[in-house]
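Asker: I grabbed these lines from TrEMBL:
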REGION    1-71  region 'Disordered'
COMPBIAS  1-14  compositional bias 'Polar residues'
COMPBIAS  18-28  compositional bias 'Pro residues'
COMPBIAS  42-54  compositional bias 'Pro residues'
TRANSMEM  76-97  transmembrane segment
TRANSMEM  109-129  transmembrane segment
TRANSMEM  141-158  transmembrane segment
TRANSMEM  270-292  transmembrane segment
TRANSMEM  299-319  transmembrane segment
TRANSMEM  339-362  transmembrane segment
TRANSMEM  383-400  transmembrane segment
TRANSMEM  412-440  transmembrane segment
TRANSMEM  452-471  transmembrane segment
Amino acid sequence: MIRDLSGSTLTWTASPHLTPPHPGPPDLIRPGPRAPNSSPTGPDPKPWTLPPPLQDLGQPRGPHHPSPSSQWDPMITTLPGLYLLSVGVVKPAGWIFGWSEHVVCSVGMLRFVNLLFSVGNFYLLYLLLRKVQPRHRSASSVQRILSTLTLAVFPTLYFFNFLYYTEAGSVFFTLFSYLMCLYGNHKTSALLGFCGFMFRQTNIIWAAFCAGEVVAQRLAEAWKIELQKKKEERLPTGKGPLAELRRLLRFVWAYASAPKNLCELLLLTWPYVMLGLLFCAFVLLNGGIVVGDRSSHEACLHIPQLFYFFSFTLFFAFPHLLSPSKVKTFLCLVWRRRIHFFVITFVSVCLVWKFTYAHKYLLADNRHYTFYVWKRVFQRHEVVKYLLVPGYIFAGWSVADSLKSKSVFWNLMFFVCLFAVTVPQKLLEFRYFVLPYVIYRLNIPLPPISRLLCELACYIVVNSLTFYIFLNKTFQWPNSQDTQRFMW
């Protein structure tokens, strides 16, 4: 049993013998024991203990060892991209400015690396908005700047900019890769995708998304020509979604059957193909995608993760997705196609029934928001998870409807990548939703200024509350004297 912030005793059912503190999501730098008579230096990467100045590649070291260690903490499950880059930044900075080893290897200096990434993310978001969004006259520079600022302070990402986590660097290299892809510099894009992979292995999916962006663009161009030909020849076309789907499938099959088209796509995407082959070699040599501790990071078919992502997106993008007119439109659509929605609802209930998992970290770690969401919503009663299905369907429809300005091929690529990056994860962790949310948010039409201001104000309130609770509402576990902190 553990105690939550209100002091009430909590009991989890899936792992009754699990005793906190557990190692936490181990893709982070794990803190070592606090040095004698040391003083806190601010929020830590893992709040149950204050870290020494540097944990080189996951191996606890003293304050005078800023070089990579040949030893590896087996609880860390990501590749050493953040650690290697940190050494590459702080060591030259120490030489140039003549800083002492104590300063170079301090916690503040390591966190400063992520602050640099956050500045880079702001600039990349602005460049991406200029590239992704069509330059209509109605889209003012104020809208783009407000959209950039809003995404830069997106709570789940913004919080981790101030801690030594992989989020900021992972987002930086993925967005940079996406930007280079949009500019047609695919070799650079694949190289940056590899850097993102070194921060988090699942980022390989977003490198595949960049390749899919190229394929989707070519397919959309060819499909537009095909539709124009049929219009000029006045060929009869069937009506309804099924007829449209059949036409699309026939078109894709015909396009993919032409060797000329395949060669053209291969010439454009070969850097991503090489990166994919490198990833396959890594998986074969490593025996899986996870390095380090695999016992708590086993892949499974956790389909409700899609529903959680849709709900997460609806919550944070509510000014754009939730309105009386949208609800009315959705209800009218449900009434017109009630048989379709009945089937969708039945299938969704079955998926929730058969494929809902509760990771032991989710049930035991009362420092994270997901713990309280699960305890106070999903564990309130067994039937709750089924009652939420209509909300999931509305959230998924809202997300898909907001992307209708993109081609059907782009949507297909995005949702395939979303499935691949979320569904295999057993752990419900909001950090896993950061990149798909940011990419989604970049690609919806630029909202009006009033909605952007509402979204920005909400993000500022959420960030303020999160940091206030993190810094001031500390607590302790019964079996530990270390200070615990509440966080995403």
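Cβ from N, Cα, C; glycine included.
Just tell me what is around each of these and how deep it sits.
Answerer: Residues 118, 121-122, 125-126, 129-130, 133, 167-168, 171, 316, 430-431, 433-434, 437-438, 441-442, 446-449, 452-453, 455-456, 459-460, 462-463, 466, 488 of the same chain sit 6 or more residues outside the transmembrane segment (141-158) yet have a Cβ under 8 Å from a Cβ within it.
Here the transmembrane segment (270-292) has Cβ contacts under 8 Å with residues 26, 58, 72-79, 186-187, 189-191, 193-194, 197, 201-202, 204, 207-208, 210-211, 299 of the same chain, all six or more residues outside its ends.
Within its own chain, the transmembrane segment (299-319) has Cβ neighbours under 8 Å at 154-155, 289, 348, 351-352, 355-357, 385, 388-389, 391-392, 394-396, 398-399, 402, 418-419, 422-426, 428, 430, 433, 436-437, 440-441, 444, 447, 451-452, 454-455, 458-459, counting only residues six or more beyond its boundaries.
Within the chain, the transmembrane segment (383-400) has long-range Cβ neighbours (under 8 A, six or more residues past its boundaries) at 304, 306-307, 310-311, 313-314, 321-322, 326-327, 330, 333, 341, 344-345, 348-349, 352-353, 356, 377, 411, 440.
With a threshold of 8 Å between CB atoms, the same-chain residues lying at least 6 positions outside the transmembrane segment (412-440) that come near it are 25, 125, 151, 154, 156-157, 160, 165, 167, 170-171, 174-175, 178, 202-203, 205-206, 208-209, 212-213, 215-216, 297-303, 305-306, 308-309, 312-313, 316-317, 357-359, 361-362, 368-370, 373-374, 399, 403, 406, 488.
If you look at the transmembrane segment (452-471), the same-chain residues 6 or more away from its ends with a CB under 8 A from one of its CBs are 43, 47, 143, 146-147, 149-150, 153-155, 158-159, 316-320, 485-488.
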